[in-house]
Amino acid sequence: MARGSVSDEEMMELREAFAKVDTDGNGYISFNELNDLFKAACLPLPGYRVREITENLMATGDLDQDGRISFDEFIKIFHGLKSTDVAKTFRKAINKKEGICAIGGTSEQSSVGTQHSYSEEEKYAFVNWINKALENDPDCRHVIPMNPNTNDLFNAVGDGIVLCKMINLSVPDTIDERTINKKKLTPFTIQENLNLALNSASAIGCHVVNIGAEDLKEGKPYLVLGLLWQVIKIGLFADIELSRNEALIALLREGESLEDLMKLSPEELLLRWANYHLENAGCNKIGNFSTDIKDSKAYYHLLEQVAPKGDEEGVPAVVIDMSGLREKDDIQRAECMLQQAERLGCRQFVTATDVVRGNPKLNLAFIANLFNRYPALHKPENQDIDWGALEGETREERTFRNWMNSLGVNPRVNHLYSDLSDALVIFQLYEKIKVPVDWNRVNKPPYPKLGGNMKKLENCNYAVELGKNQAKFSLVGIGGQDLNEGNRTLTLALIWQLMRRYTLNILEEIGGGQKVNDDIIVNWVNETLREAKKSSSISSFKDPKISTSLPVLDLIDAIQPGSINYDLLKTENLNDDEKLNNAKYAISMARKIGARVYALPEDLVEVNPKMVMTVFACLMGKGMKRV
């Protein structure tokens, strides 16, 4: 069964279920993980029955016979076994897994009788993190501090303010604070805040396709926690990237190129970082942040390695007390370790029980926070390194990457070019723009060591073929090899056409199938401005007047009269700072009235015609819905 035949809602549920079983987070389910699942679920089943079910699932699911179940195989299990006893037991086990609260489906989209589950541990961890992050924010005094042992969190997110603040903490300046409604809130102004939060979350790469403002207002636990985890994770991972943290080059291994290191995901870099310090401590390496850290020993040695040694001015030494290592009881040992983490100000995300149970999500967050506070890495001085290769991604590249991630592509795109080199993400994007993909022609990971790149190249050739023949894109001079090798210009040419088609498709759906092009959008913008008696207009998406953002702001006010506070704007003789100030307000206001805008304020100031087109197209979509 191809992924394309699974709804977005169901896909999200399947991903959640998969993550619960895949405790080591390596992207595959092993025989042992299936066994552990049934044990953790405390189902009244005899041991031989658990063994039978596990063997049955492995036999049915492991289609390529590699001894593990991939996500695609997992989807097939769920569809192939829908009505069998094995399937029912499997689902029951997933829903009953310890620490998971199951609640009946209440969303209109969810079928009657489904169960959405959420983790008490996650709620506890996120509440403590948010309390600390927002403790001094006067706009959050009405809800902070929240009690982690109650449902405070699910009520607190209901007005959108906490979500907006957390998004800005993860990616500063995403939301213009002037656009958040803070005082005397009404159902309408709350709805605006939630629009602003959801559309801004989407713009930083959160997958929010199945989450509506109503879900957040009602505080639906599994949706609230899912969104918060994405926002928190983006913030935690922001600096775990070579171009933003050159000291990470210290993690280069012998015979490895800078390019190899740059391809690693934040999770892989964190594991590499932890093992770098464990190696220096003369300890065994770890292979994950779940089963391998359950005894707290790796954490103890990691804390000892990264704790300040007193050799930096103004940073006093912290000597980690290692005596807790001798504790016989795992929980007690974990508690002693966390007391040492607290001395570094890093007791966040995990309890002693989370460590001992090997909760992969919360342990990953704990490690990421420790890295951000105490990386304890030094940029190599003498190594022959091409520092020029370390340039960060451009704004346009970041926008494209965030757009893809917001659509829920799997795997997540961390590095635009290397993560597209097998075209799997591109095929998913084709499906989003209604270009059918023959998944039987697609090679899927894991790729063999010998000939693996040939498999990826075959995918890329098929991706270009689909673009030319099915999507009717202009791909002159672009071959599969260009995608496979990460040719920037040619890869961007394809991605832009995918994003443009996606944007126009939405407009065409709203307009009852009527074809849309640039001229139609420009004419609609000018007509709408004229009808609202606004003085601004645009001649094209390259019009220099767009650099003031006034045509965008006037259009927003035309679509939702009275929404723009013109007192906050500079309208004549603008310098660059004033233009940027207007643009920040414009982008946030567009999101606030319900337009899912991915562009950045700088795109308006610099009049980047591609991104300008997407802004006006999204606003046109919003305006047409209003009619």
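Numbering starts at 1 and runs along the chain as it is shown here.
Backbone N, Cα and C atoms are what each Cβ position is placed from, and that goes for glycine too.
It should be emphasised that the depicted structure is a prediction, and the values quoted were computed from it without experimental measurement.
Summarising the annotation, Swiss-Prot assigns phosphoserine to Ser5 (among others) and lists experimental evidence as the type of evidence.
Taken from Swiss-Prot, the feature phosphoserine applies to Ser7 (among others), supported by a large-scale study or a structure entry.
Summarising the annotation, Swiss-Prot assigns domain 'EF-hand 1' to 9-44 and lists sequence analysis as the type of evidence.
Per Swiss-Prot, Ca(2+) 1 binding site is recorded for Asp22, Asp24, Asn26, Tyr28, Glu33, and the stated evidence type is sequence analysis. A C-beta separation below 8 Å, combined with a sequence spacing of at least six in one chain, links Asp22 (Ca(2+) 1 binding site) to Tyr28, Ile29, Glu33, Pro360.
With a 10 A radius on its CB, Ser30 (phosphoserine) counts 18 other CB atoms from all the protein chains. Annotation source Swiss-Prot lists phosphoserine at Ser30 (among others).
The domain 'EF-hand 2' annotation in Swiss-Prot covers 49-84 and is backed by sequence analysis.
Per Swiss-Prot, the feature Ca(2+) 2 binding site maps to Asp62, Asp64, Asp66, Arg68, Glu73. The Cβ of Asp66 (Ca(2+) 2 binding site) has 11 other Cβ atoms within 10 Å, all protein chains considered. Asp66 (Ca(2+) 2 binding site) falls outside any helix or strand according to DSSP and counts as coil.
Per Swiss-Prot, N6-acetyllysine is recorded for Lys76 (among others). Lys76 (N6-acetyllysine) carries a helical DSSP state (H, G or I).
According to Swiss-Prot, the feature N6-acetyllysine maps to Lys88 (among others), an assignment based on a large-scale study or a structure entry.
Sorting the domain 'Calponin-homology (CH) 1' (120-236) by DSSP state (H, G, I as helix; E, B as strand; all else coil) yields 76 helix, 0 strand, 41 coil. The feature domain 'Calponin-homology (CH) 1' is assigned by Swiss-Prot to 120-236.
Swiss-Prot lists Ser257 (among others) with the feature phosphoserine, giving a large-scale study or a structure entry as the kind of evidence. Sequence-distant neighbours of Ser257 (phosphoserine) (same chain, six or more apart, CB under 8 Å from its CB) are absent.
Summarising the annotation, Swiss-Prot assigns domain 'Calponin-homology (CH) 2' to 264-375 and lists sequence analysis as the type of evidence. Model confidence over the domain 'Calponin-homology (CH) 2' (264-375) is summarised by a mean pLDDT of 96.
Marked as phosphoserine by Swiss-Prot: Ser290 (among others). Look at Ser290 (phosphoserine): DSSP puts it in coil.
The Cβ of Lys294 (N6-acetyllysine) lies under 8 Å from the Cβ of Asp330, Val355, Val356, Arg357, Gly358, each of which sits 6+ residues away along the same chain. Taken from Swiss-Prot, the feature N6-acetyllysine covers Lys294 (among others), and the record attributes it to a large-scale study or a structure entry.
According to Swiss-Prot, the N6-acetyllysine annotation covers Lys297 (among others), on the basis of a large-scale study or a structure entry. In this structure, Lys297 (N6-acetyllysine) is part of a helix by DSSP.
Sequence annotations record features per position, and here Swiss-Prot assigns phosphoserine to Ser323 (among others) based on a large-scale study or a structure entry. Around the Cβ of Ser323 (phosphoserine), the same chain contributes Cys336, each under 8 angstroms and 6 or more positions distant in sequence. Secondary structure at Ser323 (phosphoserine), as computed by DSSP, is helix.
When each of 120-236, 394-503, 515-624 is scored by its Cβ pairs under 8 Å to the domain 'Calponin-homology (CH) 2' (264-375), the top-ranked stretch turns out to be 120-236.
Assigned with DSSP, the residues of the domain 'Calponin-homology (CH) 3' (394-503) fall into helix, strand and coil as follows: 67 helix, 0 strand, 43 coil. Taking H, G and I as helix, E and B as strand and the rest as coil, DSSP gives the domain 'Calponin-homology (CH) 4' (515-624) the counts 70 helix, 0 strand, 40 coil. Secondary structure from DSSP puts Lys361 (N6-acetyllysine) in a helix. Cβ packing within 10 Å was compared across the modified residues Ser290, Ser406, Ser474, and the lowest neighbour count falls to Ser474. Under the DSSP three-state reduction, Glu33 (Ca(2+) 1 binding site) is assigned to helix. Of the candidate recorded positions, Asp66, Lys472, Ser474, Lys542, the one lying closest to Ser290 (phosphoserine) when CA atoms are compared is Asp66. For the modified residues Lys76, Lys361, the ranking by surrounding Cβ atoms (within 10 Å, all protein chains) places Lys361 first. Around the Cβ of Glu33 (Ca(2+) 1 binding site), 20 further Cβ atoms fall within 10 Å across all displayed protein chains.
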